[in-house]
Every structure is written in structure tokens, then in C-alpha cells.
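S.K.: The structure under discussion is supplied below as C-alpha cells; questions concerning it will follow.
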Amino acid sequence: MKLQHYLGGLEGLGPVSTETRVFVDVWETRIFGIHTAMMALSPQLPLPETPSTFNTIWTWADLRKGAESLNPFDYFRFRYYEKWLGGISGYFIDNGYITAEELDALTEEYYSEPSKPLPGAGDEAIDQRVVQYLVEGDSPKRDVTVTFEFKVGDTVAIRNVPTVEHTRLPGFLRNKFGTIETVYDGAYTYLCDTGPDGVGAAMPVYCVRFEPSDLWPDNAEKNFSLYADLYAHYVEAPEAAEASKAA
Amino acid sequence: MIDRFHYRQDREAYSAARVKALEALLIKKGVITDRTVDTVLDFFETRMGPFNGAKIVARAWVDPAFKDRLVADTPKAIAELQLPEGMAGAEGEHMRAVANAPDVHNLIICTLCSCYPWPVLGLPPYWYKDPTFRSRAAREPRAVLTEFGLAVPDAVEIKVWDSSAQIRWFVVPERPAGTDGLSEAELEALVTPEAMMGVAVARAA
């Protein structure tokens, strides 16, 4: 169990942050830009070839896996873009683009001389592809035939699939029951194969309604509903849940 | 921001140097160019941002039939408007809008990460990414909204939408009272990112 997957409903946390800024320090904008460029230059996308030397896959799933693999106490210790900076630097080192030694050495240089300029270089085609990615996106929807096991109004049980490195199933919904609110058209892939967790291939997605008093017995606010978009693999018929419990 | 742990004194200066070193190395190694990061940031200043969402909401306020279409088929309705190219682009490939009503208040959350509809709202603010918000909004949304200065009456149902799959969500807030004479452009100015995610409502200036 990874605490990062079980945030919903934790108690004793104190007040929320009401900070409306997107970036709280200027350096954060740079790591956001680097991440977005990596997404756009990732080689599995059907976009024009460029002279960029980036030739390994980078998607949201890779960023999320990095954050979810952190010791949970570090996860809460680091600010949002600090986690990105750590994860993305590690990725470039692990994949042989740069070495830890050269990154450390250059960090020292910029630390003692913050105004030292960046080097100038690069082919315009790289930046054109980045803009093309932002404009066109990367739709996960696939035109394949799938079976819709459930319809609006059906009661469903939420499975408790094995958590490995990454999941799209929030922990607080596992083993609960809900009601189908929407059956989305078509089938949706996920960015990577999550192994025994079960998403990746194109499958239906349902919006499921949950009753807060079932999620948090005697401990939920009144007059609210919680909805979650869930991949079909995470959802099963209540009878199937009963049968696997009895087995 | 609440800091619960001990950090190095030069926390921000160190991160600034580190990210600059990373960007410099990536330019040198031919991964990105010296313009790439600025190109991305410029795109979010000018083309993808909450200024698009504000136009969508203002149109929904002046045209109830558009609002119905927006809730029924969000991408199709957005495509009717003269917005910058890319409204179905990165992180907006599949969007769904939900509308507030006198008896319903909607709140968008992402308990697993920070899913956010980039084309219409830009990038997520810190409150949305805050682990405390992500935890508490799932169990006690009314208490959380109070901390944002929004008191939702007990008789109003709160619907909390957790974006766990590939659909990106936003809220169409209600048109504030006392705005009858305003133009669509004037109405746009009343729409904040917070109102379009449900931690605020739109208010007359």
C-alpha cells in the first residue's frame, strides 16, 4: 500500500492551502517547461521527427510513478515542483543523457553565479513540435469495439486490485459500492500498462457515484455526493465481488 | 504555505541553480533548444489559460441553450466559440463541464495527482495540488469551502468530482445577481479559475 494512493479522507491534517498562484517561485516555471517539452518530444507520439536527441518515453505516468515511489514522508516534505525537479533530473541521469557529476558541478556554477546565461543552441523544429503537441494533444480514446458491462443506474463493486508502482484507482474507493452515473462513449487507454493493477489497454470508463456515508460511516458531511471516473477494470458486478470473497 | 519539515536555508536558490543547470545541460546535449522552455511558458500566457474558460462561462450565462449544449457535449460546444486553436489539445482532449444551480454546487478534485483542464483553465494553482485539500475535500467539502471563504448552505447539495481517469473537468458557476446590464466581455472579468473549479463562486464586481 502506498500512502500517495490513499489521500482521500485522511484526518487530522489542519487547514488547506488557499494559495492561488500556479508557481510560487520563478524557478518552478523552468521545470514545468522542461517536463512539457519531454511530453511533446516523447517518441511514441505521431508527431514529426526533429533533431532532438530525446529518444525515451516520458508521459504523465512516468512523472506520477516517480512521485508515488517516494518515501511518503518525502512526498509530503517536498513542494509540488520540487518533486518534479527531483524526478526529472533523476530520469535524465538514469537514462544516460547527463551524469550526476556534471549536474552537480553545473549546479554549483549557477549557484555562485545565478546570472550566468544559458547556452544558446537548438533547432527550431524542436520547438515547433512542442507547440504542435500542445495544440493537438494526445487523446487516449481509441476506436475499438469493447463491451459495456454496465449501464446508468447499475450498482457496481470496486475491486481491490494489487497496487504495484502505479494506479488510477483511489484507495478510499476500494471494496466500496457505487452507482453508474455516466457510461462514457468509446474506449480509453492509459499512458502505460500498470501490470496487475490492470489499466493500459483501451477499455470503457464509467463515472461512478458514491454515497459519502458508505465511504466514511458516521463520519461524513451531509448532503453531498462523491463521483469518480473509473476504468472498467476497477469495476465489477456486486455478485462477482461476493463470489471472490467466498472463494 | 505551511512548512512542516526542516529545509535548507537556501532552498529556493539551490533549486533555481539546479533547474538552470538541468536546462543548460539539456540544451547542450540537444534534447531541447534555448527557446523551448520560453515557448511553453509563452503558450500558457497567450493561448491556453483561464481567459478561455472565462469566455466559455460568460457565453453560457448569456445563452442558456449554449449552456445546455456545453453540459451535454463539452468539446462540441467549446468548438462553436472563436477560441485559440488547441481547445482539444494537451490535457483537454476529453473535457466535461458541470453547471451549478440554486440547489447544486460542484467541486472538482483529483485525489491521485493534479488533473486539470489546461486549454480552458491553464495550469493548476497550488491550492488544487495541496495534499491536505486533496484529502479533505473528499470527506468534508463544506468545511474545506468555508476555509476558502465560501459558505454553501446545508440545503444545497455538493457534488464532488474526482478526476481519476482521462476526463478533465470544470464548473460553470452561476451568473451573479446584479449583472443584467453587463456585456459578455464585462462578464468574463467576473469568472475566476477558483469559480471554475468550485472553491469559489462568481461575484459581481
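Even glycines carry a Cβ here, placed using N, Cα and C.
Where the annotation comes from TrEMBL, it is an automatic prediction and has not been curated.
As annotated in TrEMBL:
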| type | residues | note |
| --- | --- | --- |
| DOMAIN | B:15-200 | domain 'Nitrile hydratase alpha/Thiocyanate hydrolase gamma' |
| BINDING | B:Cys110, B:Cys113, B:Ser114, B:Cys115 | Fe(3+) binding site |
S.K.: Using other CB atoms within 10 angstroms as the count, which residue among the binding-site residues B:Cys110, B:Cys113, B:Cys115 scores least?
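M.R.: Across B:Cys110, B:Cys113, B:Cys115, these binding-site residues, the one with fewest Cβ atoms within 10 Å is B:Cys113.
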S.K.: Return the binding-site residues from the list B:Cys110, B:Cys113, B:Cys115 for which some CB of chain A is under 8 Å from the residue's own CB; sequence order; 'none' if the set is empty.
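M.R.: Cβ contacts with chain A under 8 Å: B:Cys113.
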S.K.: Determine the Cβ neighbour count for B:Ser114 (Fe(3+) binding site): the number of other Cβ atoms within 10 Å of its Cβ.
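M.R.: Its Cβ shell of radius 10 Å holds 19 other Cβ atoms.
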S.K.: Taking the recorded Fe(3+) site as B:Cys110, B:Cys113, B:Ser114, B:Cys115, identify the other residues of that chain whose CB atom sits within 8 Å of the mean position of the site's CB atoms, giving them in sequence order.
M.R.: B:Leu112, B:Tyr116, B:Pro124, B:Tyr128, B:Lys129, B:Ser163
S.K.: Along the domain 'Nitrile hydratase alpha/Thiocyanate hydrolase gamma' (B:15-200), what average pLDDT does this model show?
M.R.: 98
